[in-house]
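As recorded in Swiss-Prot:
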DOMAIN    5-227  domain 'Radical SAM core'
BINDING   14, 64, 95, 155, 255, 256, 257  GTP binding site
BINDING   21, 25, 28  [4Fe-4S] cluster 1 binding site
BINDING   27, 68, 119, 189  S-adenosyl-L-methionine binding site
BINDING   250, 253, 267  [4Fe-4S] cluster 2 binding site
């Protein structure tokens, strides 16, 4: 069992397979030009899998593949199958923008992927294009349909932004409700790489938009999930709100992050990290596990997105998967 320095059980590993992305979302990507990490600097799937096996043996029960955009990584389905074959009952999920899903959803399901979180910030082509800096909506909607047809469990993530997509909060929720998908509204997380003119909506503002049409009931958090759940009184539809600015957001954090270059990151907000790359490539898995435990021992108690401070993180979310 893996325990962090504050006594929290850690059983959830998030793996960023690449920092590259085929979108340039305003709340994630920098305005100024930047260079990707060379592909040869990334851990290959064989070395990644060595660490994944060790992490599972130490108590990891849930793995989420992220990016950047994970579907850009070649042989993604083969890596998923490697994990599934080693531990068929592992909770294996992926976060994606959905743009490439139409042609690969069936393969991912067959390989052993169980769940998907797909970003959908607007149902208006022009607004989706503004946010992603690319005409994306048609492909994303087709990807969602393909994932559902493949039998994957799908949740939708939406980041409400003032003056951009705040008028679509209910529309996107109803789109999800009609298709049996849970939507999770994610508060915009301030970071130095996002466009400087963005203003996110706080949880209360998001709920107020929904209350203009629906009566809602609080459910609460389930397990270690960061989402606070609510229910529509009308039909029992459940949606989530991820609010990192709340003081209790970090109390049940059970996750550790691994970047595509092999850095273990204890918290999305903080820059501190340790690399397992050399240890894994040398076949010294015991050393990699030691590094994992050291990082967990230094895991902070909470982030700094407090309701009062609203500090901006230096961490690039396209490196760590958000």
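Cβ from N, Cα, C; glycine included.
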For residue 250 ([4Fe-4S] cluster 2 binding site), the number of other Cβ atoms found within 10 Å of its own Cβ: 19
From 21, 25, 27, 119, 253, 267, the binding-site residues whose CA lies within 10 Å of that of residue 95 (GTP binding site): 119
Residue from 28, 64, 155, 253, 256 whose C-alpha is spatially nearest that of residue 119 (S-adenosyl-L-methionine binding site), among the binding-site residues: 155
Densest Cβ neighbourhood among 14, 64, 155, 255, 257 (binding-site residues), 10 Å radius: 257
Inter-residue Cα distance where the pair is residue 250 ([4Fe-4S] cluster 2 binding site) and residue 257 (GTP binding site), in Å: 15
For residue 256 (GTP binding site), the number of other Cβ atoms found within 10 Å of its own Cβ: 23
Between residue 28 ([4Fe-4S] cluster 1 binding site) and residue 155 (GTP binding site): CA-CA distance (Å): 20
Secondary-structure category, per DSSP, in which residue 25 ([4Fe-4S] cluster 1 binding site) falls: coil
In sequence order, the binding-site residues (21, 27, 28, 68, 267) whose C-alpha falls within 10 A of residue 256 (GTP binding site): 267
Arithmetic mean of per-residue pLDDT over the domain 'Radical SAM core' (5-227): 94
CB contacts for residue 189 (S-adenosyl-L-methionine binding site) [other CB atoms within 10 A, all chains]: 22
Cα distance (Å, whole number) from residue 267 ([4Fe-4S] cluster 2 binding site) to residue 14 (GTP binding site): 11
Subset of binding-site residues (25, 27, 189, 255) lying within 10 A of residue 267 ([4Fe-4S] cluster 2 binding site), CA to CA, in sequence order: 255
